[in-house]
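Peer 1: Take a look at what TrEMBL says about it:
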type     : residues : note
DOMAIN   : 62-209   : domain 'DUF4131'
DOMAIN   : 259-541  : domain 'ComEC/Rec2-related protein'
TRANSMEM : 35-55    : transmembrane segment
TRANSMEM : 81-101   : transmembrane segment
TRANSMEM : 280-300  : transmembrane segment
TRANSMEM : 320-341  : transmembrane segment
TRANSMEM : 353-377  : transmembrane segment
TRANSMEM : 383-403  : transmembrane segment
TRANSMEM : 423-445  : transmembrane segment
TRANSMEM : 457-482  : transmembrane segment
TRANSMEM : 489-510  : transmembrane segment
TRANSMEM : 516-538  : transmembrane segment
Amino acid sequence: MIAVLDRIRGMLPGASSPQIGSVFIQGKRFNRDRLILWVPAVLAGGIGLFFSQPIRAEILMIGLLCLIMASMDRKGAGVRIIPKGWVALFLLVLLSGYLLAMGRTYQLSAPVLTKRIHATMVEGRVLLLEQRVGNNRLTLTDLIVDGLPSHQTPVKIRLTTRQATDFLPGDRIRLRAGLYPPPNPSVPNVYDFQRRAWFQQLGGLGYALGKVELLPEKEISTHWMDAFFAFIERKRQLLTAAIRDQMHYPETKAIAPALITGDRSAISQEFRNTMRDAGLAHLLAISGLHMGLLVMLLFSGCRTFMALMEPVALQYPIKKWAACFALLGSFAYLLVAGAPLPTQRAFLMTSVVLLAVLIDRNAISMRMVAFAATVILLLQPEAFLGASFQLSFAAVIALVAFYESEFAQGFLLQWRKNWPRRIFGYFLVLSMTTLIATIATTPFAQFHFGTVAVYGLLGNLVGVPLMGMMIMPGAVLALLLMPIGGEALGFWLMETGIFWTYSFASWISALPGAQFFSPPMDIISVVLISLGGLWICLWRGPFRWRGIVLLALGLLSIPLVRPPDILLSSNGRLLGINGKEGILYLNNLRREKFVAEQWGRLLGVSDYRLFRQTSSKSGVACDRLGCLMNSDETGPIALVLKPAALAEDCEPSELLIAPFHFLESRDCKGPKTLIDRGTLKDHGGHAIYLNGRYPWQQGVKIITTSQARGNYPWSDKGDVND
């Protein structure tokens with residue numbers, strides 16, 4: 001590969017210039033072998049281009065031209081595949097990412113419900129059973145839906161039921177249910193469940209209307225893989241029940257299965273909020289931390305056990321045997337956890353590390369991280385959009401970059417001289433690791449969730465050691481001893497660690513200002529910060545610090561994006577006004593609670609009040625008929641709640657919002673802009689900026705859900721190429 005990169009470098013125009021030479025030639029021992037590390041970053045850029053609704057035809061034409069220019073070098077009568085430089089090579093990777101995302105979108109194309117079905121008979125095989133707080137959630141496949149032809153029947157649907165379940169995954173059931181399509185985003189720039197459902201082939205949601213009937217198995221051939229996963233899912237359900245039977249506290253009954261089988265259905269929202277406010281929410285999902293601890297315990301335990309047998313230790317490669325044992329154990333953990341996407345990524349990364357041990361390579365390096373990221377993006381391009389992928393790799397890249405530096409290597413050597421130094425050094429290294437991971441993941445956490453755990457560092461200084469020294473060792477010990485009935489000791493150790501962790505998290509979350517709310521960052525800020533961070537982490541030498549410029553630009557651009565002033569949900573049931581004093585005023589606090597929480601994260605607020613509670617500081621005046629906002633830049637803006645207010649508000653208003661009514665322009669001639677129920681039906685939710693979204697914009701700026709989402713198959717507009 002290095003030889004190929006040398007040849008490509010020689011083809012770059014001006015490659016011999018002093019400036020380029022100082023980076024790639026004179027400093028080749030630092031950076032020449034680091035160029036390959038940018039491949040997954042550029043691949044991710046191509047995937048991001050597809051999902052950021054660029055101009056499709058133009059991008060493809062430019063990309064194809066670059067591909068032709070990069071891959072064809074005529075010499076005599078032959079044509080040789082020789083990229084003509086790093087720019088062309090990375091454009092080729094960029095195009096590959098774009099095409100991968102497009103191909104994956106078409107690959108997972110499946111029927112989706114287009115309208116609500118109030119009551120119908122549904123028959124299907126249970127793929128997943130989640131016993132949640134207050135209800136159970138079923139995912140069904142191999143469906144037969146009365147009134148739907150087979151070509152319009154979804155591959156999967158998800159139903160909720162309140163009745164007790166006497167069936168297991170793999171069973172075939174029939175029930176009467178109401179069905180509806182996956183909901184679209186309530187307003188622009190909030191979580192897009194329809195997109196996620198598309199890539200899960202989830203074509204509808206619903207609720208049970210009667211008793212669930214267990215059907216006898218049909219005598220049809222079942223694919224061996226479906227039968228295998230049904231068997232695994234049954235064992236997961238039984239293991240979850242066995243774990244809960246061993247626990248004594250409500251908190252431990254909820255969290256212990258989440259750490260072993262990945263079943264988080266029993267975790268209450270209050271518990272989630274407590275862990276989130278303490279900066280420990282990442283402990284609830286099986287990811288890199290859990291898989292890494294499991295592999296470390298299995299590898300070190302197996303190697304230590306074999307090292308005690310002197311003949312075996314002297315004659316056989318026990319380190320490689322331990323790596324094989326840990327690899328098998330991590331694969332078993334992947335199956336037991338239900339193989340969610342974060343666990344799949346963690347398994348892949350730990351497998352790369354263990355395979356490096358087997359072939360006598362450096363187990364933890366930036367190349368291994370790049371390889372793991374590339375494989376994940378090739379197999380699941382849509383994973384790049386998720387918070388889990390971004391948070392995981394941000395933390396891993398930052399940690400590997402720090403600990404492979406000469407400073408970190410020298411620092412670690414200083415704390416290995418004697419046992420007192422090692423004990424103190426352990427907690428010091430843990431603090432540094434937590435601090436680095438927190439800094440690296442904060443921009444992405446703020447982008448996706450709009451919140452920052454202020455005392456997250458303190459929470460992790462206690463929570464992570466408890467996870468590593470009590471919770472995961474207890475879980476491993478319990479699973480190893482379960483076949484002989486000795487799991488009680490392991491589960492006691494695990495429960496004690498969980499109880500202490502939750503108690504400490506409750507104390508942290510109760511501290512004043514434990515959670516900081518702010519509007520999520522704009523995509524431009526995130527891209528600049530990501531590029532700056534990658535520049536610092538992937539390069540070596542003084543050249544790496546030029547990434548600080550990109551970081552600074554990203555941080556300085558954060559306050560340039562203004563939050564919306566008015567929010568209108570796509571169904572017109574919820575209306576919101578962003579008060580100037582950090583309060584979100586709503587027309588209703590009882591309905592659409594989930595949507596209201598999404599809006600709070602979008603605006604960076606946690607205080608919700610009714611329209612009638614507006615104060616003079618908010619700049620809004622409301623009564624039972626509607627609300628009126630006066631702005632020097634835009635003029636009067638009226639929000640009509642009752643028909644009686646139309647006659648009064650039509651004439652003087654520059655912008656009239658009547659989400660509960662269908663209006664014609666001739667009925668209300670005064671406003672320059674009119675938004676009624678028909679507008680919401682046609683264009684989805686609205687985010688209204690009274691003085692532009694950016695400082696250089698003036699006047700009212702309206703962004704609709706249909707504009708923000710683009711033309712994709714999961715959106716209401718249909719095909720990506722339309």
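Cβ coordinates come from backbone N, Cα and C, glycine included.
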Peer 1: Restricting attention to the domain 'ComEC/Rec2-related protein' (259-541), give the mean pLDDT.
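Peer 2: Mean pLDDT, the domain 'ComEC/Rec2-related protein' (259-541): 87.
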Peer 1: Go through 280-300, 320-341, 353-377, 516-538 and flag the stretch with the largest number of C-beta pairs under 8 Å relative to the transmembrane segment (457-482).
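Peer 2: That would be 280-300.
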Peer 1: With contact taken as 3 or more Cβ pairs under 8 angstroms (pairs 6 or more apart in sequence), are the transmembrane segment (35-55) and the transmembrane segment (489-510) in contact?
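Peer 2: These two segments do not touch.
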Peer 1: Taking helix as H, G and I and strand as E and B in DSSP, count the residues of the domain 'DUF4131' (62-209) in helix, strand and coil.
Peer 2: 42 helix, 53 strand, 53 coil
